[in-house]
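Peer 1: This is the structure I have questions about; it appears just below.
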């Protein structure tokens, strides 16, 4: 037995060593095949400002709504629907969906309007690389960036700022390019998606000095699917918006309108998210952006490349009929959706009224009744009503980093005019026997956006000197009367046109200078009130 023990011990040690070797090989193979990087799903990032990004706001029911899709057949160029609705009837596919691709490939297309000579574009699986967009971060508080130049806030797009995925074998024109930014090194096989010839045809510069949306499209590269890597995804439909004159209400309304039209033309089932592809600081007007859409975010707030499952490129506000109508005659008048549904008319529109209702509904304000404050004058005269007369004031406020805090006066004796109106109403010397007046001091700059819209909604008559604040009349109710006081230096048609396109009654008082005679204003208001039945 003693001679056999060493032999048995050797066999035992050999078997133990062999088993240990097998265990080492197994665990090494297992750890390499199931690494944490491969077992974890890709990170999905949702655009949001409130950690509720999965929630998309539904479209509200609007009395003036008319169908947007499909667009009208044989829509005449220059029709009211062409200007204000879905005139984007020519579809151009720059990258078609891959047949049998399982829905993971990219596509990119634009819808062109012959009337507006602009395009609404959309794409699937569009990758944005923030490091390839040169601009300030955006979204800062105003006081943090005082003195910053506007050029720093507007985007400059490097090649490949946006990318789509395409099979290299499917198209000619691919070349190997260096990739800069986005934490990527080396090179990638890519091609320019939209050439200059196509840009000139479908995204004309027109009179716009810096057409940032055209520049964005020009930056898009189609890369091989193997080079299209996305760690972060935005699953909800997202509008990409670049704003000019972002602190001015009139120009911001053109941006809101363009974003609304883009959402409707592309048939979005719910309200989209918005990504600002600019570097502007925050303003009070973002209250309305947030109310209108499902969420807002700034492009530079993304710290790494991000992919949008469905992105829509909203045309610049300068390309809307609201702006283009200032320099050219748009022969359209406002009408009710009910009338247009029964009797279509290429020279009439309800789209501006629909948009105004959208703003009111976004703030939770009623859209099915005209006003809330037409009430009996007293218990003894129950048939008489009180009408709100809103005097929209211009007041000093700090608008943007290059602003000194002083607004340019359009009516040098505005305070005197308002005080005279107030005294006229307060002393009961209006001479109106069938109704009363509630004069509202419209210091809008110091009101929330919701309260501003509510004041417009509740007004029967809106008075004001020419100024951006009057743009709120897009949200006015039917039968509202607009009374604009126009100084000799500001003979511009902005608000006369909006009133016309909404079908509102409009009166203008043209001044010989910048001073209005209070008695003349009172006489004109008396005339307007009598036309209301007072």
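One-based numbering along the chain as shown.
Note: Cβ is positioned from N, Cα and C throughout, glycine not excepted.
According to Swiss-Prot, the protein has these features:
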type	residues	note
TOPO_DOM	1-11	topological domain 'Cytoplasmic'
TRANSMEM	12-34	transmembrane segment
TOPO_DOM	35-534	topological domain 'Lumenal'
CARBOHYD	51	N-linked glycosylation site
CARBOHYD	301	N-linked glycosylation site
CARBOHYD	479	N-linked glycosylation site
Peer 1: Measuring CB to CB from residue 301 (N-linked glycosylation site), give everything in the same chain under 8 Å that is also at least six residues away in sequence.
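Peer 2: Those within reach of residue 301 (N-linked glycosylation site), by Cβ under 8 Å and sequence separation of 6 or more, are 137, 138, 139.
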Peer 1: Under DSSP, is residue 479 (N-linked glycosylation site) part of a helix or a strand, or is it coil?
Peer 2: coil
Peer 1: For the topological domain 'Cytoplasmic' (1-11), provide the mean pLDDT of the predicted model.
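Peer 2: A mean pLDDT of 56 is what the model gives the topological domain 'Cytoplasmic' (1-11).
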